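Asker: Below you will find the structure I want to go over with you.
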């Protein structure tokens, strides 16, 4: 479309897209932090969302418009020059798998490095305030955390040409995937459990911190010695249910004990009255 060789267009578009990705994240994280503050600690307080009114609305609109234009120009150079016919449908399908493997590998190491004691409290700790993950936790993180974990998606086109539809679809997919793996469900003994790093694995990551750093697959965790298989006994929902049942049973026992003490007291009083009557009769 622009008359540039596909390789040159790929590199130029990747550079422009990657250059604007930091500002993109810092611009929209202002709104995401408001949502995170309102819903943090699993306390849904919708009134907290009213804090949006204190943000500079005019600046937000200007940032979004300018960033959309700049990102569009980057995508225009990168992807609109890549026709399916340039590399074929076979490569288009292969690029999806390459994209998942490539980004999973890099995100694994970014994620694991962020758990280093010197970095964790400064960058990744806000995300782990959600000990029991919910879909809202997928958007609750430090701006630098989001930026570093987004980098692999922008690095990929530097190495492999990527079609515009696949690129846009990948960003939609990763957002949906992030929401899904934070849904707290623990499905054990799944046939894909040893391959796919799903919601069960990521729930364990939030509970134990030092396992299951991968994004899509378990291969890197297995090779890095950080893999932890989902087990029924680790299910936080079961633990919460068991705790509730235990508290109910404890409350029931306490009520029975109070009732027993009341009955003992009343029976002791009746015995005292009987003894008093008998003593008066004997006199």
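Yeah, the Cβs are placed from backbone N, Cα and C, and that goes for glycine too.
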Asker: Look up transmembrane segment in TrEMBL and report which of 7-25, 26-44, 45-63, 64-82 it refers to.
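Answerer: Within the set 7-25, 26-44, 45-63, 64-82, TrEMBL attaches transmembrane segment to 64-82.
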Asker: Transmembrane segment per TrEMBL: which of the ranges 88-110, 111-133 is that?
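Answerer: Checking TrEMBL against the ranges 88-110, 111-133, the transmembrane segment one is 88-110.
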